[in-house]
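According to TrEMBL, the protein carries these features:
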- 1-80: domain 'MIB/HERC2' (DOMAIN)
- 86-138: domain 'ZZ-type' (DOMAIN)
- 149-227: domain 'MIB/HERC2' (DOMAIN)
- 338-374: region 'Disordered' (REGION)
Amino acid sequence: MDPDPQAGVQVGMRVVRGVDWKWGQQDGGEGGVGTVVELGRHGSPSTPERTVVVQWDRGTRTNYRAGYQGAHDLLLYDNAQIGVRHPNIICDCCKKHGLRGMRWKCRVCFDYDLCTQCYMLDRHDLAHAFERYETAHSRPVTLSPRQGLPRIPLRGIFQGAKVVRGPDWEWGSQDGGEGKPGRVVDIRGWDVETGRSVASVTWADGTTNVYRVGHKGKVDLKCVGEAAGGFYYKEHLPRLGKPAELRRRVSADGQPFQHGDKVKCLLDTDILREMQEGHGGHSLRDPPQFLGKTGTVVKVFRDGNLRVVVGGQPWTFSPSCLVAYRPEEDANLDVAERARENKSAGARNRAPVGGGRRQTQGRREPFVGANIPP
Ligand SMILES: [Zn+2]
Ligand SMILES: [Zn+2]
């Protein structure tokens with residue numbers, strides 16, 4: 001099982017054109033936003049593995065390379081739609097708790113984080129380099145300072161956009177009939193489950209309802225009058241299809257282990273001996289009994305060292321000597337948590353989001369103007 005289900009490509013992610021783009025204006029021009037609506041499958045003639053189908057806000061729908069033959073046609077702009085969040089992190093600019101989507105952490109200031117919107121809106125010192133965390137579990141990627149880098153304006157289904165019913169529409173005549181326009185009044189998340197994944201739209205008759213723009217990989221709307229959606233630094237967005245590397249779990253204060261964590265010491269005896277001698281400690285003639293065994297963190301010291309009980313005996317370690325025991329435990333908890341949320345959200349659904357299933361297979365293939373295979 002993939003240890004971090006949110007690190008891979010998923011339907012619902014919001015994307016923009018990327019480094020290997022060669023598909024003209026299918027996105028409506030650079031800065032146009034789309035939604036990943038289908039993932040490539042092994043053996044599929046139209047959508048092979050490492051490709052994705054994107055529904056552009058402007059209405060075009062076709063497939064792109066997300067690692068296919070080493071090419072990356074797309075950049076990940078936002079992953080809040082698939083439920084990515086950083087539970088203990090606050091955006092130090094807009095003050096939102098449990099930051100959603102990618103997290104941007106200043107490498108100069110102590111404990112300073114921004115959300116994607118604030119980062120792209122040039123909040124905080126532009127000369128400070130940041131690191132990007134794609135998910136709560138991914139290893140940070142260090143970026144150059146934003147100062148002087150090109151910034152691309154985003155366009156698409158954002159607040160103020162004029163929209164008509166789109167490809168996944170299944171809400172009868174709420175819009176007043178096919179082709180009748182409405183106005184996006186807000187982009188927001190769906191309960192606690194997903195972020196920036198639905199649009200509130202007011203129709204000609206004055207009624208307002210919410211529609212999926214990324215939620216569960218569905219797109220109920222098509223943009224006929226784009227709205228500005230802020231900006232992005234294309235050099236700072238991850239390539240779609242290049243999953244972020246995982247890291248050890250790190251708490252808000254930067255400590256990789258917490259009280260109660262199960263850990264293992266996997267250091268080689270020679271290194272251990274050197275470390276101990278360096279500390280003026282006793283020499284180790286025999287391999288210590290904790291080597292390779294699982295222990296439990298019982299105390300985190302101020303200097304970052306840890307007291308770990310192994311086989312009933314306490315030892316003090318530098319965190320660099322330890323690895324987490326069964327790191328996949330984390331991912332499983334996540335999945336269980338999400339499953340629970342999905343369940344409870346289902347019971348609370350009061351608007352069209354998450355409605356019934358439809359047969360769309362026939363309409364979707366073949367793609368008009370499919371890019372892949374050539
Ligand atoms: Zn923010
Ligand atoms: Zn800073």
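Numbers here mean position along the shown chain, with the first residue as 1.
Cβ coordinates come from backbone N, Cα and C, glycine included.
Caution: TrEMBL annotation is automatic and unverified by curators.
Note that this is a predicted model, so its numbers are computed, not measured.
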The correct DSSP tally for the domain 'MIB/HERC2' (149-227) reads 3 helix, 41 strand, 35 coil
Under DSSP, the domain 'ZZ-type' (86-138) has how many residues in helix, strand and coil? 5 helix, 21 strand, 27 coil
